[in-house]
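According to Swiss-Prot, the protein carries these features:
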BINDING   8, 9, 10, 11, 12, 13, 14, 15  ATP binding site
BINDING   61, 62, 63, 64  GTP binding site
């Protein structure tokens with residue numbers, strides 16, 4: 001049987017992720033106590049009609065006892081020894097985003113009380129869930145994602161991946177906005193010529209032909225793309241051979257509008273020839289569009 005554990009801090013999008021998995025045919029259980037993981041998998045294995053419980057997804061959060069959370073790695077290893085195909089999806093967002101989401105919904109944080117502020121509860125929750133986050137197969141940073149964008153990302157990364165197949169996400173970002181925390185690899189392409197300084201290109205992005213033409217006139221651009229594809233061609237198979245399910249490769253330039261977008265598009269196009277589940281995401285473009293800058 002396949003078991004996906006969904007975890008993450010409150011407000012990060014666990015319920016949305018679980019709903020997506022339910023739509024994908026998983027039998028879903030919300031807020032399962034860790035102590036019930038073994039009984040659940042045993043029950044699923046003894047079902048006379050096992051098809052219904054062949055794919056299961058459960059969410060685990062900080063409402064579990066702290067001792068059980070601290071002991072999660074032992075339980076995780078024991079579950080894997082039983083032959084369960086186990087995968088962990090961990091969702092998180094930056095502290096400011098979590099604060100804003102709680103203020104917007106006016107929900108009470110499960111760890112807050114008369115002596116613990118919302119900010120303190122969010123910080124404490126991160127520490128409690130560290131045993132799960134460090135074992136995550138897929139770490140999703142939901143900062144800046146709408147509910148619909150999160151649904152699409154989970155659906156594409158989980159549903160589009162065949163068993164034992166490596167799923168790739170190439171994402172562009174701007175260093176001035178911070179490095180995405182869900183990155184497995186981070187590459188800096190700020191050494192490439194910057195189209196921003198050509199005033200005719202400031203409203204364009206790395207997917208627009210004028211910017212593509214500008215960058216491809218420079219031999220350094222082709223060399224950068226070739227070197228990155230060569231490096232990833234060498235090492236991605238090793239990650240796949242070690243049963244890695246997901247890889248997030250982040251490409252950064254100054255603002256996340258021109259150079260990083262172009263390089264991500266080139267890498268995505270190249271690796272789609274060898275990997276069936278390849279996504280390209282441009283983290284800054286929706287924000288630039290919302291501000292009328294592109």
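Just so it is clear, glycine is given a Cβ too, placed from its N, Cα and C backbone atoms.
Listed in chain order, the residues near the ATP site other than 8, 9, 10, 11, 12, 13, 14, 15 are 61, 91, 92, 93, 142, each with its Cβ within 8 Å of the site Cβ centroid. Sequence-distant neighbours of residue 12 (ATP binding site) (same chain, 6+ apart, CB under 8 A from its CB) are 91, 92, 93, 98, 142. Same-chain residues that are not part of 61, 62, 63, 64 yet have a Cβ within 8 Å of the Cβ center of the GTP site turn out to be 31, 60, 69, 110, 128, 129. Of the recorded residues, residue 14 (ATP binding site) and residue 61 (GTP binding site) place their C-alpha atoms 9 Å from one another. In this structure, the binding-site residues under consideration are 10, 15, 64, and the one with the smallest number of other Cβ atoms within 10 Å of its Cβ is 15. Residue 64 (GTP binding site) and residue 13 (ATP binding site) are 18 Å apart (CA-CA, integer value).
Put simply, residue 61 (GTP binding site) is 8 Å from residue 10 (ATP binding site) when counted between their Cα atoms. Around the Cβ of residue 13 (ATP binding site), 25 further Cβ atoms fall within 10 Å across all displayed protein chains. Between the binding-site residues 9, 14, 63, 9 has the most other Cβ atoms inside 10 Å of its own Cβ, all protein chains included.
Ranking the binding-site residues 8, 11 by how many Cβ atoms sit within 10 Å of each one's Cβ puts 8 at the top. Within 10 Å of the Cβ of residue 61 (GTP binding site) there are 22 other Cβ atoms, across all protein chains.
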